[in-house]
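As recorded in TrEMBL, the features of this protein are as follows:
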| type | residues | note |
| --- | --- | --- |
| REGION | 1-22 | region 'Disordered' |
| TRANSMEM | 49-71 | transmembrane segment |
| TRANSMEM | 91-111 | transmembrane segment |
| TRANSMEM | 123-142 | transmembrane segment |
| TRANSMEM | 148-169 | transmembrane segment |
| TRANSMEM | 190-212 | transmembrane segment |
| TRANSMEM | 218-236 | transmembrane segment |
| TRANSMEM | 274-295 | transmembrane segment |
| TRANSMEM | 307-326 | transmembrane segment |
| TRANSMEM | 338-360 | transmembrane segment |
| TRANSMEM | 404-423 | transmembrane segment |
| TRANSMEM | 443-463 | transmembrane segment |
Amino acid sequence: MMEEREDSETKPLHQDAGGSHVRRINPKKGILEMMLRPIRWLRMLSEELHWSFVLGVVIVYGISQGFGVGLSRVSTQYYMKDEQKVQPSQAQVLIGIIHFPWIVKPLWGLLTDIVPILGYRRRPYFIFAGFLGVISMLILSLHKNLHLGFALLSLVAGSAGIAIADVAIDACVTQHAISHTYLAGDMQSLCGMSSSIGALLGFSLSGFFVHLVGAKGVFGLLAIPASLVVLVGILLRESQVRNFAYRRVKEKIVDASKAMWTTLKCRDVWRPCLYMYLSLALGLHIHEGMFYWYTDAKEGPSFSQEVVGSIFSVGAVGSLFGVLLYQNFLKNHPFRDILFWAQLLHGVSGLLDLVLVLRINLKLGMPDYFFVVVDEAVSRMIGRIKWMPFLVLSSKLCPSGIEGTFFALIMSIDHIGLLSSAWSGGLVLHMLNVTRTQFDNLWIAIVIRSLLRLIPIGFLFLIPRSDPNLSILPSEMLRTKRGNDVLEPENIEMATLVNSI
């Protein structure tokens, strides 16, 4: 009798066409299984890699970088505009300076790889980065009438804290990828999802928090993510280095620098690096000019803080959609073909701002907010599709033995390109007399930016046309070094930078 009774939760066995017994799946159980799958996945990673590492990835990528950077972008713009009363061109230059610590990422990488503190390579750097962020954010939040120079110094220090923590967690990810190769994809998925979800939440809440507590109040809230980075340094499980020869630190740094210079002189390396710099430098950022126009009550649409934050959050969704498009449809296409169309669309999409600034969208019956949201989503999606080949190409330019440090160097070159773009955009805004209240010539800056974005198409010959799944470097650079390596294998523990832009 018990065998004939149907369980209320499980369907009975039935025979398929081949006579085999198959158990029907209860739809309710299927939904529950789908909901529990991420939890089980995180539990599996915690058991295989240790829970402190998983917590560190979530905090650094998701909370510090994703949520924190998303929250700070809007607050920094309003802080420069409302607290420091700077002009758009000046704000453009200052925000470029804030990102300077990311340009010297190889320095942070060499320090965390080569110079242990109290026998630990990672934990002290997490603690230092966290305290640096906490102190800098509290200064910005609590100090009244802070001089622009000291405010800029505090913002740079906060950016340095995020950059140092980024390098340290990158090293941990690569270290675990070496010891647990079968989990390398899962770790990258954890990093990417943490960063994307955090950024989406940060941008979504940024405008609300700026409206509620002001830009300085948001800086105070940003001390919380930084303090969590300190917690990572305290809890992270890490083996201690014993009897470290500090006298060899200088020698190792010199050897690594020579190896990187030798690699950069290779024709197959410097040509793509030059293209990446030109493509980014000629992008001409005029974000601050557009931001001041967005919030202007006379010339612009006078968007509130909440609206500005929601615009950036939609942009984050567009960026994530760009990643999915590249992963599923474009990753096997030659670099040169993808970059041609991405660069072309990058220039054309910039003209959407022209339609907005000239108020053509209102003549067509399209509300400002709807048009801005579409503009932001499309622009960020195209920008991400353009950036993804750069990441893949950069990873293929790294020689054996100094993979992590050289990748950080290439990322630094890219950040120099972004800094050049920000400063040149500030110069253009200044020359066109785009100020806090004057936007008559903003449309000219948009046209100049769109035309400059097309110039890199003429330099695509610097990019190899080869299959993206094949190696680019000469075979001698791909051989694993033995004996007198530039750096010990256990020290090359830096992972890719996938959310810098």
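All residue numbers here begin at 1 and follow the chain in the order shown.
Every residue gets a Cβ built from N, Cα and C, even glycine.
Predicted automatically and left uncurated, TrEMBL annotations should be read as such.
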Problem set entry | Proximity verdict for the transmembrane segment (91-111) and the transmembrane segment (404-423), three or more C-beta pairs under 8 Å | yes
Exercise. Who are the chain neighbours of the transmembrane segment (443-463) in space, where the CB to CB distance is under 8 Å and they lie at least 6 residues beyond its ends?
Worked result: 271-272, 274-275, 278-279, 282-284, 286, 289, 335-336, 339-340, 343-344, 346-348, 350-351, 353-354, 357-358, 393, 425, 428-429, 432, 434
For this session: Verify whether three or more Cβ pairs under 8 angstroms connect the transmembrane segment (307-326) with the transmembrane segment (190-212), leaving out any pair fewer than 6 apart in sequence.
Result: yes
Problem set entry | Long-range Cβ neighbours of the transmembrane segment (274-295) (under 8 Å; 6 or more residues past either end) | 77, 80-81, 88-89, 91-92, 95-96, 301-303, 308, 311, 339, 343, 346, 353, 357, 372, 386, 390, 393-394, 410, 413-414, 416-418, 420-422, 424-426, 428-429, 434, 436, 439, 442, 445-446, 448-449, 452-453, 455-456, 459-460, 462-463
Seminar exercise, completed: Spatial neighbours of the transmembrane segment (148-169) not adjacent in sequence (6+ beyond its ends, CB under 8 Å) are 56-57, 60-61, 64-65, 68-69, 72, 76, 79, 84, 86, 94, 97-102, 105, 108-109, 112, 122, 125-126, 128-133, 135-137, 139-140, 222, 226, 229, 232, 408, 494, 497
